[in-house]
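**Q** Encoded as structure tokens, here's the structure I'll be asking about.
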Amino acid sequence: LTSLILLVAVQAITEEDLELLRQTSAECKTESGVSEDVIKRARKGDLEDDPKLKMQLLCIFKALEIVAESGEIEADTFKEKLTRVTNDDEESEKIVEKCTVTEDTPEDTAFEVTKCVLKDKPNFFGDLFV
């Protein structure tokens, strides 16, 4: 689940952004130890309640500064990065309002945010997210 993206609505995702996201995802995969099968299913929107997948998501969210060290979602950063993908400030705002949650652990928070985003936008993250 490699990731949401950076910056404001007027700026689109660049090849450099995509490469950074791929690199971050690969580094997080090494750190989390999540299996390729779990990642493949996650790319299709089938998120397993897997501790390693949750670690993967949290790692990516931290790298993108979507999650603070405290484990809370940084709503402004989350919206900024979403807007790079959606190119729609209003849509991003709705997603952030709906999907910004705080669970018992930072891993669970990242997992639940991801599930929420994918409910409305099943292909939102595509091959990047994990």
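Placement of Cβ uses the backbone N, Cα and C atoms for every residue, glycine included.
Bear in mind that the values here come from a model prediction, so they are computed numbers and not experimental data.
According to Swiss-Prot:
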DISULFID  CYS28-CYS59  disulfide bond
DISULFID  CYS99-CYS116  disulfide bond
SIGNAL    1-12  signal peptide
**Q** Looking only at C-alpha atoms, tell me how far CYS116 (disulfide bond) is from CYS28 (disulfide bond), rounded to the nearest Å.
**A** 21
**Q** If one measures from the C-alpha of CYS59 (disulfide bond) to the C-alpha of CYS99 (disulfide bond), what distance in angstrom results, rounded to a whole number?
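**A** The separation of the Cα atoms works out to 18 Å.
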**Q** Among the disulfide-bonded residues CYS28, CYS59, CYS99, CYS116, whose Cβ has the fewest other Cβ atoms within 10 Å?
**A** CYS116
**Q** Could you tell me the C-alpha distance between CYS99 (disulfide bond) and CYS28 (disulfide bond) in angstrom, no decimals?
**A** 22
**Q** Could you say whether, by DSSP, CYS28 (disulfide bond) belongs to a helix, a strand or a coil region?
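**A** Once the DSSP labels are grouped into three classes, CYS28 (disulfide bond) ends up as helix.
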